[in-house]
Structures are given as structure tokens and as C-alpha cells.
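**Student:** What TrEMBL records for this protein is below:
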type	residues	note
ACT_SITE	197	active site, proton acceptor
BINDING	101, 107, 139, 173	substrate binding site
DOMAIN	23-165	domain 'Lactate/malate dehydrogenase N-terminal'
DOMAIN	167-331	domain 'Lactate/malate dehydrogenase C-terminal'
């Protein structure tokens, strides 16, 4: 804008431009989560290319988003024939594809449809962008993350530091509900949520909340239950018209932005995510992770748990192991 940049400032500027040149794909971009998620990604200076894929309606979504006055270039890809083109050169792939939960449906009911979708999409990622970070939103996450991992293993391109089950919505909800009860600004509340991403496998660590908060046992029990069943709260409120889409899109974008920041060299970026883990007896487990240029830099583990939280972890193990095995067996038995 007519100002003269010194050499150091120019170098910083060029580095910033280079860093903020991420190519990000959204698979399932025309759906209830995919559209608002794509809107949030289009609005970010961290994204320079946004490729949208779905089995229908993607050209329209892409055309609509392409009119927004931010620099990310948007392309729409439709159907299996165009999936490879959507993924070529992508550094981050976000996968919200699949069917949503409807009233009366368990996450297991979603399994057969969404398992096939995630397996197919991960297969395409293995072929077209084997180094990309994979952020899996498609439920049931407790099974779809093991599915993606096993598919990548079949191709010989599995890197456990680059495959994430996006559980951020559980943290977002925990932060909101704690803030409501304590009259705090939710943007300043941070509750780690560990375990998995369904029902009793969702374990909010209220004892590790910042700022420090305390609740009577009955309130803590009710609050934990509300966080665990918050998805069902939305499904019921929408009365058959879908599940959590807008809050999930927000949470998916939050996780993606954290990952992009870390990939760009920002230090101290921590998010919880459901990943391959040695922290418990479960092969996959969500804990706070320090993110870096190559994905997971360090698993920060469970930290100190209260007796209440220790029991929650113990109670979740059986269900979590079953869901993980179900995902692994699905790939094992695939034609």
C-alpha cells in the first residue's frame, strides 16, 4: 500500500504468505456440517485453497462460497470420479461426510453406512495425499478413526501423528456449560475432555478446568451427564430434522485452525483429540495433545484425575475397546 518494507520485514511478510498457503479439503462439503464448516474455512486467512467434495450439490456450494471476499480459492468436486482431483496436494483433509443421527438412532446405527464412507474416502486420501493431516468428524468417531488408520496401513502410508478424531465439540460444550453454571465468559474457560466421543466414553475433566471451578457432587454428576448426552439434546430439539451441525462445524473449524497454526510453527498449541495412544489400555484415546509442524508433537496424557474422574475412565474402557475393535474388524473383513 505504498509503504516501504525493510528487508527483515519483507522476509517476515513473505514467510507469512508462504505459511498461510494451506490447501484444505472438506469431504462431505454439501452436508449439514460440511456447508457451515466450509464457510468458516473460507473465512480464514490460514487457508489459500479450499477444495470441496461431495456426491451431490458441491458445484453450487463452491460457487456460492467463491463470491466471498477472502483470498481462499474454492473449487467444487462431485462424485467418485472427481475425488482424486479434490485431494491432490492437500495438506489437511477434514471429513464430515456421512449420515447424521436421527431421534432414536444410536451411534451404532450409523456404523454401517458411515464406516463404508470413511473407508472409501480414506482410501482416496492414501492414494492422492498420503502425507495429509486427516481430521475425522464422521460418527461414530470411536470406530471411524480406527477404520481410517487400518485403511492407511493397508496402503503403507499410516502415520499415527497425522490422524485425528475431532472431539472438539465435547470441549466446546463443556466450556459453555461450565461457564453458564459459574457465570464466566465461556471464551476464557477450558475443560479438557478425554476418552472417546460417544455417551459415557466422553469424560470431562472438570478438576483440570481453567480457571479452577468446584461443584457439589450432585451438580458435577448432572453436568457430566449433560456433556455426555449433549448430542442427544440437540437431536431431540431438532425433532427429526438432524443432529448437531452448526456447533460441530464451529468445533471442526476450531480444531482445523489450531492444527494449521501448529503446522505454521506457532508454539504451545494444545487440543484434545481421539488418536492412537499409549496413555491407557485402549489403543485409541483422546487426551490433550501438543500439536506441531508434523501433527502430534507430544501426547500430554491424562494428568491428575479426581476419584470421580478415575471411575469415569474405568467405566468407559469396555465400550471404547468394543468400538475400536468394531472399526478394525470392519477393515479386516472388507472385500
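Including glycine, each Cβ sits where the backbone N, Cα and C put it.
TrEMBL labels come from automatic prediction, so no person has curated them.
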**Student:** Taking each of the recorded positions 101, 173, 197 in turn and counting other Cβ atoms within 10 Å of its Cβ, which one has the fewest?
**Tutor:** 101
**Student:** How far is it from residue 101 (substrate binding site) to the residue listed as 'active site, proton acceptor', counting Cα to Cα, in Å?
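**Tutor:** Distance (Cα to Cα, whole Å): 14 Å.
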**Student:** Cα of residue 173 (substrate binding site) to Cα of the residue listed as 'active site, proton acceptor': how many Å, rounded?
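**Tutor:** The separation of the Cα atoms works out to 12 Å.
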**Student:** Would you count the other CB atoms within 10 A of the CB of residue 139 (substrate binding site), including those on all shown protein chains?
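**Tutor:** Excluding its own Cβ, the number within 10 Å is 24.
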**Student:** If I take the alpha carbons of residue 139 (substrate binding site) and the residue listed as 'active site, proton acceptor', what is the distance between them in whole Å?
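**Tutor:** Distance between the two Cα atoms comes out at 8 Å.
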